[in-house]
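Comments concern the structure below.
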Amino acid sequence: MTNTMAADKRLTLTNICLSVFVFTIIVFSFNPSLSWIPQGCACLVVGFFVFEITQIKDYKFVVPIPLLCYLCFIIYVSISLIWTNQSVDMMFTLVQLFFISLILVNIVNYQGHFHSITIGFLAALVVATIDIWNKIGGFIVTDDNTRVTSFLGNPNTFAIALFIGMLLTMEGLIKKSKKSKLTFGQMLLKGVYILLLVLFTYEIIFLTGSRKAMLSVFMLGFLVFVRFFIKVKFLQKMLILVIGAGVLTELFILLKESVFFVRLSRIFDMLQGKNVNDNSLTERSSMMGDAWKLWEARPITGWGTDQFRYLTDYQTYSHNNYLELLSDNGLLGLLLYYSIFLILLVTAFKQLLSGNETESHIGFFSISTLLIFLLWDLAHVSYYSKFHWIMLSIIMGITYYMKTKVSVQQAEAVQQ
């Protein structure tokens with residue numbers, strides 16, 4: 001038996017626990033007094049997964065190369081514990097992320113899908129949306145100093161969660177059905193996806209005020225437009241060109257009507273060298289400058305994991321993943337970490353150009369997610385983010401599944 005044959009034995013208990021675990025990450029993990037709940041759910045996922053795979057004959061446990069790169073990164077950054085004792089908690093977090101990612105990769109690889117993760121994530125965002133309604137009495141914000149956050153403690157973190165929800169709904173929406181004609185249930189599901197996509201887009205633009213999330217909405221729209229534009233014939237290209245231009249223009253008009261548009265426009269003013277009165281941008285720019293100076297002092301190995309916050313007066317991270325890794329772990333740490341993205345991107349591009357519809361779909365989903373994550377890293381420290389590692393685990397698991405499935409099909413074709 002191989003893991004590519006969409007699982008003769010379903011991981012029923014594991015999937016239930018996995019949906020609950022993903023749900024609790026959004027609803028409980030950002031509340032210190034309730035963070036034990038997602039930790040307990042993670043233990044249940046691991047426990048039931050181990051229990052259920054022991055019932056499967058010849059189960060194949062996999063460790064993809066990108067995950068091995070992450071393990072090498074963890075081993076490397078753990079060396080900093082030799083000269084600093086302030087990184088222990090961070091190391092514990094990284095090790096936890098590695099093991100839960102290892103389990104998620106194997107769950108996705110065995111089943112060939114990530115439905116349970118999608119269900120848990122989207123359900124949590126719906127609950128968070130209801131929470132917002134109860135807190136502010138609607139979905140309208142008229143003051144750019146009032147940014148909505150729900151359970152996640154930070155509006156930028158909430159915007160990241162919402163955008164990941166957009167990625168998951170988009171994946172389900174554009175995925176081609178195996179049957180030529182959609183059933184009523186499939187049409188209903190796609191209708192739900194469209195509603196959620198519109199809802200999450202609205203919340204990002206009009207409620208969170210997150211600059212990187214608003215830019216990412218346009219980036220995702222552009223990537224989807226290019227995807228369909230390349231696939232279709234000439235006359236259809238003209239139609240998609242008109243529709244795509246209309247949708248992106250409408251998005252821009254909606255964005256300009258948001259009270260948070262001024263936050264986004266300040267970025268472009270700053271890039272043009274204009275004086276910008278924005279304390280957030282000014283402080284982040286200062287943080288990044290200090291991180292660069294720390295890296296220049298120790299360019300190869302850095303100062304040690306999570307040391308930026310202790311070596312500066314900010315008492316927090318640098319708000320730039322590239323500079324955070326450079327200042328803390330040097331050029332070696334940066335290269336080790338981003339080798340994960342490089343390997344996944346190369347594989348995803350091969351899938352996109354494979355000519356196989358399913359592989360191409362997964363390749364597009366992976367490329368879109370990875371490129372947007374790389375954009376976010378300019379203004380976000382992500383290497384220990386639970387949300388990022390859930391998505392990276394999905395990409396690794398489904399990529400490994402597709403590669404193995406194609407290998408099996410090719411072997412069977414040769415035998416015939």
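Using N, Cα and C of the backbone, Cβ positions are placed for all residues, glycine too.
Cβ atoms under 8 Å from those of the transmembrane segment (12-30) belong to residues 37-38, 41-42, 44-45, 48-49, 51-52, 104, 107, 111, 115-117, 119-121, 123-125, 127-128, 151-154, 157, 161, 386-387, 390 of the same chain, restricted to positions at least 6 beyond its ends. Here TrEMBL flags 12-30 (among others) as transmembrane segment.
Remote same-chain partners of the transmembrane segment (36-54), defined as residues 6 or more beyond its termini with a Cβ less than 8 Å from a stretch Cβ, comprise 9, 11-14, 17-18, 20-21, 24-25, 28-29, 61, 96, 99-100, 103, 106-107, 110. Taken from TrEMBL, the feature transmembrane segment covers 36-54 (among others).
Away from its own ends, the transmembrane segment (61-84) comes close to residues 3, 53, 91, 94-95, 98, 101-102, 105-106, 109, 302-305, 307, 310, 328-329, 332-333, 336-337, 339-340, 343-344, 392, 396-397, 399-400 of its chain (Cβ-Cβ under 8 Å, at least six residues beyond either end). Sequence annotations record features per position, and here TrEMBL assigns transmembrane segment to 61-84 (among others).
Using a Cβ-Cβ cut-off under 8 Å and counting only residues 6 or more beyond its ends in the same chain, the transmembrane segment (90-110) has close neighbours at 3, 7, 11, 14-15, 18, 42, 45-46, 49, 53, 59, 61-64, 67, 70-71, 74, 77-78, 81, 116-117, 305-306, 383-384, 386, 389-390, 392-394, 396-398, 400-401, 404. Annotation comment: TrEMBL describes 90-110 (among others) as transmembrane segment.
With a threshold of 8 Å between CB atoms, the same-chain residues lying at least 6 positions outside the transmembrane segment (117-136) that come near it are 18-27, 104, 108, 148, 150-152, 158, 161-162, 164-165, 168-169, 171-172, 196, 199-200, 203, 207, 390, 394. The annotation transmembrane segment is assigned in TrEMBL to 117-136 (among others).
Within the chain, the transmembrane segment (156-175) has long-range Cβ neighbours (under 8 A, six or more residues past its boundaries) at 26, 30, 117-118, 121-122, 124-125, 128, 148-150, 189-190, 193-194, 196-197, 200-201, 203-204, 208-210, 212-213, 216-217, 220, 224, 227, 361, 365, 368-369, 372, 376, 380, 385, 387, 390-391. Look at TrEMBL and you will find 156-175 (among others) tagged as transmembrane segment.
Sequence annotations record features per position, and here TrEMBL assigns transmembrane segment to 187-207 (among others).
Positions annotated as domain 'O-antigen ligase-related' by TrEMBL: 202-337. According to DSSP, the domain 'O-antigen ligase-related' (202-337) comprises 103 helix, 0 strand, 33 coil.
If you look up TrEMBL, you'll see 213-230 (among others) marked as transmembrane segment.
According to TrEMBL, the feature transmembrane segment maps to 237-255 (among others). The list of residues near the transmembrane segment (237-255) in space but at least 6 beyond its ends in sequence, with Cβ under 8 angstroms from a Cβ of it, reads 201, 205, 214, 217-218, 221-222, 225, 228-229, 261, 264.
Feature annotation from TrEMBL assigns transmembrane segment to 330-349 (among others).
For 361-379 (among others), the entry in TrEMBL reads transmembrane segment.
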Among 213-230, 330-349, 361-379, stretch most in contact with the transmembrane segment (187-207) (C-beta, under 8 angstroms): 213-230
